[in-house]
């Protein structure tokens, strides 16, 4: 196992670390503040203890976890231009980045299933998606994230490496590390299986869910009914596009070896990982009336009666 990996920073910004640091810290703090507000409101409001909001709670947990896992190397590059990362630290970051990424992807699938069930089977929705079922879905998501990625650090730590240990991102990702392994290393095959089983299967399941939703919406009588039903999916669909479009573009660029400038490639990677935790709380606060009202209610100062 190579003792260190070298990370790629944002080209052209190494000379001005103070300029790069301010946006990074601002994005992180806003992401934590927005998602913590969602977590706080859902935890404190008994009326929000329903499947759709439980999944939103898990989405906010994954967003906070993902943003936090990325910060050590990003801030190291921004503050100290620290490109060298010990292999143990790199594998630890890789584990948490991918656990929370797959968790977010899995929650988006669960939310698509929830919306499809609510629109396609509205009368059976309360009996089909009970609290017990939601709890089992939550445990399945956690087991999937941990089960898929727990072997990866150990496999990658014992793989032979035949290429220079230079990674193509500002953080440690397992396809990036596996790419450096010698030809025929079987750990790289497992890495490919993990990517395919999570990031390949989940978009397909979400697409199928929205196919079912689209069929039902076409059968609704008035355009007003279609609009109201469609609005319940607007925030989720926006979150899906925000998460998957940059990821698919990055995968196509890497697979097809498209000749794009390095700053554009790096920026697209930042968009994929840093933008969803920042934007998701705004999307759900704006698009979901109940969340918005509960946040405003909680933020209003309480009136205290005067003692006579």
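Heads up, the Cβ atoms here are built off N, Cα and C, so glycines get one too.
Automatic, uncurated: that is what TrEMBL annotation is.
Checking TrEMBL for transmembrane segment across the ranges 214-233, 234-253 points to 234-253. Residues 54-79 are the range that TrEMBL records as transmembrane segment, among 54-79, 158-183. Relative to the transmembrane segment (234-253), the listed stretch 265-286 leads the set 20-42, 54-79, 133-152, 189-213, 265-286 in CB pairs under 8 A.
As a quick check, the transmembrane segment (54-79) and the transmembrane segment (189-213) miss the bar of 3 or more Cβ pairs under 8 A, pairs 6 or more apart, so the two do not touch.
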